[in-house]
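In what follows, a structure is listed as structure tokens, so that the remarks can point back to it.
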Amino acid sequence: MAPFVEVCRYKPLPLSLSSLCTCPCRSSPRKYLILPQFSEKYPKPLLSHSRFTPISVNRRVITAVARAESNQIGDDANSKEEHNIDQELQNVEEDSSLDDQKQKSRSQFKKRVTFGLGIGLSVGGIVLAGGWVFTVAVAAAVLLSAREYFELVRSKGIAQGMTPPPRYLSRVCSIICALMPILTLYFGHIDISITSAAFVVAMALLLQRGNPRFSQLSSTMFGLFYCGYLPCFWVKLRCGLTAPVLNTGIGRSWPTILGGQAHWTVGLVAILISFCGIIASDTFAFLGGKAFGRTPLISISPKKTWEGAFAGLVGCISITILLSKSLSWPQSLVSTIAFGVLNFFGSVFGDLTESMIKRDAGVKDSGSLIPGHGGILDRVDSYIFTGALAYSFVRLHGV
């Protein structure tokens, strides 16, 4: 026989099943069962929706319903809490990743600035020293650049569409390129040397085992020209043009033990102006592109813009004019502007040429020799063609 609940004569009180397991303030979509207070006069009916109706109630059923609703409410609360925790963890991970990226960029920027200043001071001292010091430094840079170039040629991106030269021949060509600046200092010109080297390399390619490819010959000849022959013009400019620059203030105050006024030759002044112009061109182009860059310059280098290029041109010409006034060369303003324009175009053309090679190779940097700057070829690409233009300008303009 089912248990009964006796009803007293007092006013019944509403009771929700959800109130058995949760706070009474919580609203519930379920219907209410009104459980009256205890009395001895009546058997135990229940009031449903304020109507006096005898209902047989099993205490286990009430407990099961209350327990099920409690579990459902607890699961909903736990799921919401887990979702909030996951969201907070995701936000924390995103914030930490942003902090890591900012810290990495700051560290990269510090490396670039530190090594950039170190390289700049070292190059300045080498240029001022001239002679064998300058020539050996150029030869070392040429050797490293040639090795990086031939590694780019052998990379997957370029090698898929062509047959690269054999590795032993790439090493031989790198050594030949490094010897060219030294031969330039000793003989004054390397026309016969470069012709002989090109002939020997071409014969080695044609007589190799297997089927020789034109791509091997073309990439090797371009490597000799790009990495070996063109940098030799810096040696010819610094060490070959020995006429002193007159009326220069820094030359008159230069210590006699370091060569005196005769140390400041046309070649030294021209190379200092060219180097500073290239640095100004790269710096102003970078800053101008960051601030005003909208129109892409060329597809092989998507980050370069016309606005940045114009800023680089203005910066190169401005630095050239300032240095020409302090170093008293060139004398005329028109010649100074022309020299600045040549330095700018040589810098841009060299940069774009190396960008084309890296794009075909499918790499971002030519190497990882210099922390924060990439390889040596990434640092000297703007100087490769500029040396030939600067030397030609000085020879045509006259000392």
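Cβ coordinates come from backbone N, Cα and C, glycine included.
Between the listed ranges 333-353, 375-395, Swiss-Prot ties the annotation transmembrane segment to 333-353.
The listed stretches are 217-237, 266-286, 309-329, 333-353; of these, 217-237 has the most Cβ pairs under 8 Å to the transmembrane segment (187-207).
Of the candidate ranges 123-143, 266-286, 333-353, 123-143 contributes the most Cβ pairs within a distance under 8 Å of the transmembrane segment (217-237).
Outside the transmembrane segment (266-286), and at least 6 residues removed from its termini, the chain residues within Cβ reach (under 8 Å) are 120, 123, 127-128, 130, 234, 237-245, 248, 304, 308-309, 311-316, 318-320, 323-324, 327, 329, 339-340, 343-344, 346-348, 351, 382-383, 386-387, 390, 393-394, 399.
Long-range neighbours of the transmembrane segment (123-143) within the same chain, counting only residues 6 or more positions beyond its ends whose Cβ lies under 8 Å from a Cβ of the stretch, are 174-175, 177-182, 184-185, 227-228, 231-232, 234-235, 238-239, 268, 271-272, 275, 376, 380.
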